[in-house]
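Pulled from TrEMBL:
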- 40-428: domain 'Amino acid transporter transmembrane' (DOMAIN)
- 47-65: transmembrane segment (TRANSMEM)
- 71-93: transmembrane segment (TRANSMEM)
- 141-163: transmembrane segment (TRANSMEM)
- 169-190: transmembrane segment (TRANSMEM)
- 261-285: transmembrane segment (TRANSMEM)
- 305-327: transmembrane segment (TRANSMEM)
- 348-366: transmembrane segment (TRANSMEM)
- 372-396: transmembrane segment (TRANSMEM)
- 408-430: transmembrane segment (TRANSMEM)
Amino acid sequence: MELQKLTNGHHQGFQHLEEGYVSFIKTTNFHKSNESFEGKTSFGMSVFNLSNAIMGSGILGLSYAMSNTGIILFLILLTCIAVLSSYSVHLLLRSAGVVGIRAYEQLGKRAFGHPGKILAALVITMHNIGGKLEFWVKCELWFLNGNYLIIVVSILIILPLALMRQLGYLGYTSGFSLTCMVFFLISVIYKKFNIPCPFDGFTNHTAENISIDGECEAKYFTINQQTAYTVPILAFAFVCHPEVLPIYTELRNPTKRRMQAIANVSILGMFVMYLLTAIFGYLTFYLNTEAELLHTYSKVDPLDTLILCVRLAVLVAVTLTVPVVLFPIRRALLQLLFPDKPFHWVRHISIALCLLFIVNLLVISVPNIRDIFGIIGATSAPSLIFILPGLFYIRIVSTEPMNSRPKIQAACFTALGFIFMSMSLTFITLDWVYEENRSGGGH
C-alpha cells in the first residue's frame, strides 16, 4: 500500500492551485504552440503508455541480477526502487501543479533558468537513447545479421509510429506490447517446471567453481563482483519520468490525483511482472543464469519452438516501446532548438529521422556497448528518479519553508540520488579495473 499513500500529498494548501491548473496551462505560449488540444486519452490507455515506457528489454536481465544479489536482497532493492519511483512522480506532479507546466525541460528552466532546461533535456536524451541502444544490442545478438534487421525494423515499424504527433495514439500498440510481455512471463513460469537442474549443457561452465548441490540451490543474499551492475539495472527498469508529463497533458480530465493513480498502477503492474520474471527465471537456472535470459534458454535447446516464439514476442514488444521512448527525446530537442515555434511536420519528421540514424549508427559502429549502457544507467536513471525531481520541488515550491517536512524529504531524496550515482559509478569502475587486471594477467 506504500505506492497508494504517495498520492495524498503533504499539504492541502495547493489544492486551489491545482484546480486552476488546466485554465492556466492554456494561457502559456508553450501550450499554445505544442498542445493546443484538449486531452482525450483515457485512464486505461494512459496506463498502457506509461507501462510501456517503463518496460524494456531490461526485463531480460532481471534474473541475472537476482543471481548476483539473492532473492531477498533483490526483493528489497526492487521494492525500494518502485516506491521511490512513485514518490518521484509525486514530486514532479506537485512541481508541475504549482507553476502550471507540463514539460520536464520547462520545469528545469523554471527551477534553474536556461542551464536547467538544457540539463533536463540532455539527461532525458541520454537516458532514452541508452534504452534504445539496449534494444538494438538485443537484436544484434539474436539474429544472424543484426545490422540489417536494425535498419529494416527502424524504417518499416519504428519510424511510422514515431511520426505520430500525439502520444495517446500509441495506446493500442502499447497494449499489444504489454500482451507480448505477458506471454513472455507465462513462458518463463512454464519453463521453470520443464527444465531439470542441473542441466548437462552447463556442466562444463560450472564444474570448476560450483558443486552440483550448490549449482541448483537458491541464494537469499549474495554479494559478488557483478552485484555492481544490479542497482543500475533495477533503476533503469522503473524510469518513466520523461513520459509522465506528456501523458498528463493528453489525459482526459487531468488532475494530479488521477495522474498519480496512473503512475502507481503502471509501476505496481511492472513490479509484479519484474518480480515474477526474475524469480522464475532464476529458479530455472540458478547460478547458471546469464545476463540475457533468453540466451540461457537457447543453451538448453536452440530450436525450442516456444522460446523462438517468445523471442519474437519480446522483439515485437520492445520494438513497440521505442516510439513511446522517442517522444520525450523529440520534445526535449524541440524545447531546446525551437522553443517558441509552432508545430511543423517537416521539423517533426526531420528530428525523428535524425534520432533513428544516430542510434543505428552507434549500435552498428560502437563496440562494448554494454559498458556504455552501464554508465548511462548509473548516471541518467538516478538523475531522472531522484536528483532532478527533488531539486525541482525545492526550487519551484517557494511557498514552503526549507525546514518544512516535504522539502526536507525532497532534499534527502536528492542526496540519495547523488549517493546512489556515486556508488554505482565507483562499483562499475572497480569492476572494469578488476576485469582489466585479470585479462592482463592472463597474457
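Placement of Cβ uses the backbone N, Cα and C atoms for every residue, glycine included.
Predicted automatically and left uncurated, TrEMBL annotations should be read as such.
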Sequence gap of 6 or more, Cβ distance under 8 Å, 3 or more pairs: do the transmembrane segment (47-65) and the transmembrane segment (372-396) meet that?
no
Stretch winning on C-beta pairs under 8 A with the transmembrane segment (169-190) (pool: 71-93, 261-285, 305-327) is 305-327
Beyond a gap of at least 6 residues from its ends, the CB atoms lying under 8 Å from the transmembrane segment (261-285) belong to 3-4, 6-7, 43, 46-47, 50-51, 54-55, 59, 62-63, 65-67, 71, 74-75, 78-79, 82, 85-86, 89, 181-182, 184-185, 188-189, 191-192, 195, 197, 199, 202, 218, 237-238, 240, 244, 247, 251, 293, 296
